[in-house]
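J.: Mind looking over this structure? Questions follow.
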């Protein structure tokens, strides 16, 4: 995808915020527990390479990604000796590529290990489906057979075992405890404990520090976003959001009563009013459902009117502004703030989706 460096729309990523979130989390972890930075999906929209560098500077001991290509991108960017785990499914034919690049892979089926062609040792992490229902083995018998397979094959190393909690971001913990118990049953069935036992995502690491095991997978909260609104007031420290999204007005005009804007003419002025066109649209991740949401102009709310277009969006101004005036879509402006949580609430989604949707057509600028 082409990045739009030559238009006035950009994302600012505050590296100091990422470092602070990591340090605050590390301060509550035992020294024996590693923090792995989850940088999948372009670091939740924040930029995988720069975030990985920032996280490593802050003390992260490794990285988690969703697909092998993300792991290879880290290797190509210079992270040659760092621990990297692919959390998602990888094709069998790509196992050798991972092995040669010292990338750890998730294994969740016995048959995946059959007839592998490897030129180097493949490090694997056994995924346990303790109740998430996506990937993973579900019985002690499966776990023991996979352990035996890895023990009998000198090119396989059972480096880790893990699970993922479905409800760690909820205050009610009965299902979480049920998952943890099932995982522990499978863990204790192994003859030898792997080097890395890990279960905690951001929510679990924040609210259930006792289950850190050997490492935590620090994702959404590394970026300063709460895992869910339900637990926001129960967090052990304040999270510092790292992402801000800005643009500028490229056209300002006054509408007369009866004038309409955008596709479908769904918005019609009922009085004289000032509007501005912004060079950002749903092709950038500002999806059509943002219509009716507000941005900030000089600290004042300005609603998005009409339909969001592919490349442009129109807002209603509180008064006349000059072309080139700055607009805050996510971030702080003169004491007021629009957050990813605000957008998520309006869109009936979660903050993860808000930032992940912001694609690479919007340039990232890294500050602090």
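Even glycines carry a Cβ here, placed using N, Cα and C.
Residues or ranges marked as N6-(pyridoxal phosphate)lysine by Swiss-Prot: 40. Annotation comment: Swiss-Prot describes 40, 263 as active site, proton acceptor. Marked as substrate binding site by Swiss-Prot: 134, 310.
Locate each feature and note its surroundings.
T.: Around residue 40 (N6-(pyridoxal phosphate)lysine), taking its Cβ as the centre, 19 other Cβ atoms fall within 10 Å, counting all chains.
The secondary structure of residue 40 (N6-(pyridoxal phosphate)lysine), as reduced to three states from DSSP, is helical.
The Cβ of residue 310 (substrate binding site) has 11 other Cβ atoms within 10 Å, all protein chains considered.
Of all the Cβ atoms in the protein chains shown, 11 others lie within 10 Å of the Cβ of residue 263 (active site, proton acceptor).
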J.: Counting across all protein chains present, how many other Cβ atoms fall within 10 Å of the Cβ of residue 134 (substrate binding site)?
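T.: Taking every protein chain into account, the count is 11.
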J.: Taking just the CA atoms, what is the gap between residue 263 (active site, proton acceptor) and residue 310 (substrate binding site) in Å?
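T.: That separation, Cα to Cα, works out to 11 Å.
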